[in-house]
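Visitor: Below is a structure I'd like to ask you about.
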Amino acid sequence: MGNLKIDYMKTKHPKGLPYLFFTEMWERFGYYLILGIFVLYVIEPTGMKGGLGLPDKTADDIFGTYIALTYLTPFIGGFLADRVLGYIKSIYLGGFLMAAGYIGMGVFKDLPLFYTSLALIIIGNGFFKPTISTLLGNLYSEEPYKANKDSGYNIFYMGINIGAFICNIIAAFMRNKFGWGEAFITAGVGMLIGMVIFTVGRKHYIHAAQMKPVQEGDTKLSEILIKVFVPAIIAGAIGWFIPDNIFGSDSTDAFIFACIPVIYFYASLYFKAKPDEKASIGALLSVFLISMFFWAVFKQNGTALTRWANYYTDRSVPASLEKPLEGIYMVDGKSYEDKETPVYDNQFRSQKDDNGETKKEMGKDVYFKNISPEQRAALEKNPENKVYLYNTELFQSINPFWVIALTPVVVGFWALLRRKGKEPLTPTKIVLGLFISGLSCLVMVLAVMAGDNGAVKVSPLWLVASYGVITVGELCLSPMGLSFVSKLSPARITALMMGGFFLANSVGNKLSGILASTWYNYENKTNYFLVNFALLIFATLLGLSMLKRLNKIMKEKGH
């Protein structure tokens, strides 16, 4: 009996799992490290600590386009891995392209090479992201492990969140001790560590990496290129080159134009579907639509919420922690004494002269612009004393922390309802997640009120609370993943509908950048967060209007 138990434990998960776990952990380490410091680096005035010195609105636009494209390229990358390259080659190609891009961001300061580095990351992500998840799924398709597939994916996703949690701590250390460039290079080193781990474990998954033979009814790669990819590129180019801007910037025009043939293609899938497939395709497209609103708000963690952490949050470190954290370069020390500093307006935008150079003046660091009267009085007495601050990017670790902490709670809650026969179906969970996510915007409304609309900095606990609420919403929405698509999609177009899932994420990510770029249009920041709240409540109501039909389709499909 004892031997049977040992054999069972040995075969519970495939031997390749820990290697894929750590490969993905290091890949996400690099990806989220970049997201944590991206906007801060792009808006940092030139000549200070080596930032690019671009306007905040431009930074939001670049960020939104970048994260949108990292979700767009897996659509075509997944097809190429399946039909042309194979999984192992795709992971190596993707990993090394991303590492080169991260290191390029750290080495090159001029804009053309910065954009080239971003392009390498975007293309590399397209090959890597869909492939490693599929490879893991293939390992669990073997008989001893089939029953533990969900458990295996949960372990795998925990690796993603561990990588996302630790990367900002390392980024803060590297930025404080060395500078921006070294922080970006660290992301590349992390990716290369992941590739070494992947190579060491290769023998455990090489057998699961065989390309699938193309079967009758499968979507042809040529069909995707002709009907979706090429028309999208042509439309995007038209959007980029048309005179003036329709939607605010060249990149936004290009993105929206590129989406038109893609939306037409997916709409045609629905209208041309067989009668028995129409309901399922319609349900998936409906959920893709409402999920876009979630990603549009959620992905503002790298833009609007980073800006809130940087300028509107009291980041001062308790006196008892100052010296220990300074010793390990985990805090940013600022002096209250006058020095040459960039000129900022009342919304914390650095000002440029007629030549596009950052204006300078003698004065205090921008952090002190809206400290409390009590803090200012204390500093006036001892201006030579340094104030030690938590790095802004550390706030990016709050969401993965909440994911790690709350996942067992949410999973346990659903399990409790399941035992009582009351667990809601996936569409109900998605709508609930949208509503809860909307409440996180109201937390930020209260934060704005607490700080008198930025007149004084507020406690970091406001951000901690807001991230906590939206994480609960995220965990309710998480069933809206690839497994949900595979359950509802007709077998012959599963790959296409997987692509639709990534495209919905992509559009939501781009919308997040567009929304963030309107930050300065709102003198009262309460209104900014109320707009986000309204968008999520609109999505909730849209979901509620479809809920009965969506749940009916789920039941008919046996889910």
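Numbering starts at 1 and runs along the chain as displayed.
Positions of Cβ are set from backbone N, Cα and C atoms, glycine also.
Pasting the relevant annotations from TrEMBL:
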- 21-43: transmembrane segment (TRANSMEM)
- 63-81: transmembrane segment (TRANSMEM)
- 152-174: transmembrane segment (TRANSMEM)
- 180-200: transmembrane segment (TRANSMEM)
- 221-242: transmembrane segment (TRANSMEM)
- 254-272: transmembrane segment (TRANSMEM)
- 279-298: transmembrane segment (TRANSMEM)
- 398-417: transmembrane segment (TRANSMEM)
- 429-449: transmembrane segment (TRANSMEM)
- 461-484: transmembrane segment (TRANSMEM)
- 491-508: transmembrane segment (TRANSMEM)
- 528-547: transmembrane segment (TRANSMEM)
Visitor: Given the transmembrane segment (254-272), which of the listed stretches 21-43, 398-417, 461-484, 491-508 has the most Cβ pairs that are under 8 Å apart from it?
Guide: 491-508
Visitor: Are there residues at least 6 beyond the ends of the transmembrane segment (152-174) whose Cβ is under 8 Å from a Cβ of it, and what are they?
Guide: 13-14, 17, 20-22, 24-30, 32-33, 36-37, 133, 136-137, 139-140, 145, 182-183, 186-187, 190, 328-330, 390-391, 393-397, 399-401, 403-404, 407, 483
Visitor: How about long-range neighbours of the transmembrane segment (221-242): same chain, 6 or more residues beyond its ends, C-beta under 8 Å?
Guide: 76, 79-80, 83-84, 250-251, 253-262, 265, 496, 499
Visitor: Okay, the transmembrane segment (279-298) and the transmembrane segment (461-484): do they have at least three CB pairs under 8 Å, pairs separated by 6 or more?
Guide: yes
Visitor: Which residues of the chain, 6 or more past the ends of the transmembrane segment (180-200), have a CB below 8 A from one of its CBs?
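Guide: For the transmembrane segment (180-200), the sequence-distant neighbours (Cβ-Cβ under 8 Å, at least 6 residues beyond its ends) are 19-20, 22-27, 29-31, 33-34, 37, 41, 44, 49-51, 91-92, 95-96, 98-103, 105-107, 163, 167, 170-171, 174.
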Visitor: Report the listed stretch (21-43, 63-81, 279-298, 491-508, 528-547) having the maximum count of Cβ pairs within less than 8 Å of the transmembrane segment (429-449).
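Guide: Looking at each of 21-43, 63-81, 279-298, 491-508, 528-547 in turn, the most contacts to the transmembrane segment (429-449) are made by 528-547.
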